[in-house]
Amino acid sequence: VDWIEAVVLALVQGLTEFLPISSSAHLILVPRFLGWADQGLAFDVAVHLGTLIAVLIYFRLEISVIVRAWLGSLRGDRTDENNARLCWALLLSAVPVGLAGLLFHEFIENTLRLPLVIALATGIFGVLLGLADRRGGAGRS
């Protein structure tokens with residue numbers, strides 16, 4: 001990946017991460033449409049890590065409150081139990097995701113990154129979201 005491709009893909013990642021579209025899919029489809037080589041899963045992880053670092057910096061004050069509550073809960077302090085439980089939930093939820101990444105790395109790298117798989121999954125979930133939106137909005141006024 002040359003530096004121009006890296007900058008373009010980092011911008012794509014940053015701009016699409018918080019939209020209700022798949023930033024990961026865009027990291028695969030944009031190079032495909034521009035005729036670039038696949039940058040690989042390691043690059044995708046690196047730009048996602050960059051986004052995570054930016055989010056951690058932006059929310060550092062809120063995160064510090066949650067982490068302090070969690071550390072307090074380890075010492076038996078129950079003054080901020082909601083934030084302590086939130087931290088525990090976040091930590092525990094990372095375990096299955098990490099295990100899935102380790103166990104299915106080859107499948108993710110070789111199958112889930114195929115443009116056809118991405119296009120099909122995007123279309124299927126788009127239809128499902130459209131149906132859910134139509135059905136869920138039927139009873140609202």
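Each residue, glycine too, has its Cβ placed from N, Cα and C.
Taken straight from TrEMBL:
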| type | residues | note |
| --- | --- | --- |
| TRANSMEM | 45-67 | transmembrane segment |
| TRANSMEM | 88-108 | transmembrane segment |
| TRANSMEM | 114-132 | transmembrane segment |
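When Cβ-Cβ distances below 8 Å are used as the criterion, the transmembrane segment (88-108) is approached by residues 41, 70, 73 of the same chain, each at least six residues removed from its ends. Counting same-chain residues at least six beyond the ends of the transmembrane segment (45-67), those with a Cβ under 8 angstroms from any Cβ of the stretch are 9-10, 13-14, 17, 23-24, 27, 80, 83-84, 86-87.
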